[in-house]
Every structure is written in structure tokens, then in C-alpha cells.
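Asks: I have a structure here, written as C-alpha cells, and I will follow up with some questions on it.
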Amino acid sequence: MYSPIHGDKFELYEKMENPEIELNNTFVRFIGNYIDLDYSIWLYRVLTPFFIAFLLPCIFLFLIYFTILCLYIYRTYSQVIYRACNSNEFNFWDIARTFIALIWDGHSWLWHGYEVVGLENLPENGPALIIYYHGAIPIDMYYFVARVYLKRNRLIYTVGDRFLFKMPGWAIIAEAFKVSPGTVQSCSKVLKDGNYLAISPGGVYEAQFGDNYYELLWGRRVGFAKVAIDAKVPIIPLFTENIREGFRAVGFATSVFLKIYKFLKFPIRPIYGGFPVKFRTYVGKPIEFDENITPEELQTKTRIAIEQLIAQYQRIPGSIVHAMLDRFRKPHGKDK
């Protein structure tokens, strides 16, 4: 180890000419005396993936607030945009939705190689009720809404949990993309007006406490079935492959988080992920309206349809590594 007391004249001259050498040597001596450098490097390498896994969801949060920012810009400066276009026929919400849809669709393609299979099963004209499996974060629905809007110029109305409307800035997203808490009556009206509507019967509960075995956590919820029967519309089952591998809820203290959730009715179970896995949304065959069916029977019929999509297209249990490799492999359905 270098010591300035026993250094020769050359070393003293070198330090005077290059003071940064002495600073570096001091730092090295500190590391060597007080910290096991090998252990520090090992700990850094071990913990880095852990921190990355929890930091990646920040990308999702960034997109949410980037969306909010863009929508505020469009709403605030809509008159300027109109004057620039020299036409009053433009609807600034349509312009804003198109811009946001392009951002989300671009992100879906870049980060997840996103695809939609069976879009022809979604009626091009008229209403339809889309029922989907809820991942830890429903990012697949953001992608699907964007893709349908760009492909068909039709907006999918969605039902969101009430806690979302307590988030700062969420109101403008809800206004632009028609997100609402939804009642049987309000949802039925949306469909009777000829729109698409998306509902996840599992909701936040399924998001928080589902896992990579992809079991539907609907309980006895039949509200969506009552909506479909009242509005006399077809139900479109929908499932996104690997959605649980993109984002996951932590696997520890499940019973504790469950008790807290039942008390607060608010999602507090930490989410990690943001992994660049392959996302492929499958649009199932329509379940046509049947005036003789009961809500309970329709719920069961819809559940079976989504479970069949899961059984056919999803690897069970889900694997993050395999899901990332799916980016480079062709879909192989039942062979998974």
C-alpha cells in the first residue's frame, strides 16, 4: 500500500503535479480499510436485478402522467390548435386520443411485441361487451384500447375501480377515454348507445391476488351478465397471454394483504415487473345474446370461454423467462 511518509522524491513530485492521484489513493485506502470490496461488488450484483424489478413499473407510471400532461395540453390549447388548423370541424378529444393511442401502441410494439389475434370476432359495427382477465396491472387493456382506436376509429368505454378516481390527474384520462365506475344502468346505457364496453369481473381483487396459474377470481359477481342481458348485446371474451409475467404482485404475506384489502378496499399489495415479455391478446368468439339465459348461467358461460382461452394459449404456471423468449418464438397454443 502506498504511504506518503516513505515515498521518494519522484512520488512527491508526481502527487504535486497530479493531485487527483492522491485523491484516488485516499479513496482506495478507505475502501480497503473499512469495506470488503469483493462483498460490496457481490452485493451490488445480487441486488441490482431486485431494484430494477421494482423500478420498471415507474415506466408505466411515467406513461400515465405523460398521458395526463398531453391531455392537459390539448384541452388547454385546443382553441390554438383549432385556429392553426383553420377549421372548427376538428374535435380536440379525437386528436388527443389519436396522439395518446399512437404513444401507447408504439410502446406496446417496442416493449412487448404486442399482437392482437382474432380482432375479427369483435363486431365492427354496433355494441359489444368485452369481458377480460385482469392482470396485476391491466396494461394490456391500454394497449388493446389503443389498437382498436387506431384500427377502427372506435373507442372502448371501460369500467374502472373507484379508487382510480382518487388519483391526482385521473379525471382527465377518464374524461378522454370514457372510464367510469359503472353501474348496471349506466353500463347498459353505454351499450344501448352502440358503443364497445370493457369490464373485468375480477377487478382489483383479481389484480392483487391472482397469480401465474391464471385462475379467475370472480366469486359470484354477475353484474356484467345483467348488463349484457339488459342491453341485449354479445359478450366478447378476451385474454392476454403472459400478462402475469409482465407485472406481478409480491408473493409474500398474502393473507396480511388480503385482510388489509378487505378492510380498506384499496390495493396496497406491491407490484413489481415491467419485464419485456411477449404480450398477445386473444379475442374469443362472441357469446351471442340469449333472452332465455339467466345472469348466473351467462356468467358461467363467459367464465368457461375465458378459461378455454387461458388453457389453449397460456403456459401454466407462467414463466417470466419463457415469456421473454416468446418474443422470438412463434405462438404454439396447446403445445405450451
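The backbone N, Cα and C atoms fix where each Cβ goes, glycine too.
The following feature annotations were taken from TrEMBL:
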{"type": "TRANSMEM", "residues": "50-74", "note": "transmembrane segment"}
{"type": "TRANSMEM", "residues": "95-114", "note": "transmembrane segment"}
{"type": "DOMAIN", "residues": "115-238", "note": "domain 'Phospholipid/glycerol acyltransferase'"}
{"type": "TRANSMEM", "residues": "126-145", "note": "transmembrane segment"}
Asks: For a three-state summary based on DSSP, what are the helix, strand and coil counts in the domain 'Phospholipid/glycerol acyltransferase' (115-238)?
Replies: 55 helix, 22 strand, 47 coil
Asks: Need one number: mean pLDDT over the domain 'Phospholipid/glycerol acyltransferase' (115-238).
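Replies: A mean pLDDT of 95 is what the predicted model shows over the domain 'Phospholipid/glycerol acyltransferase' (115-238).
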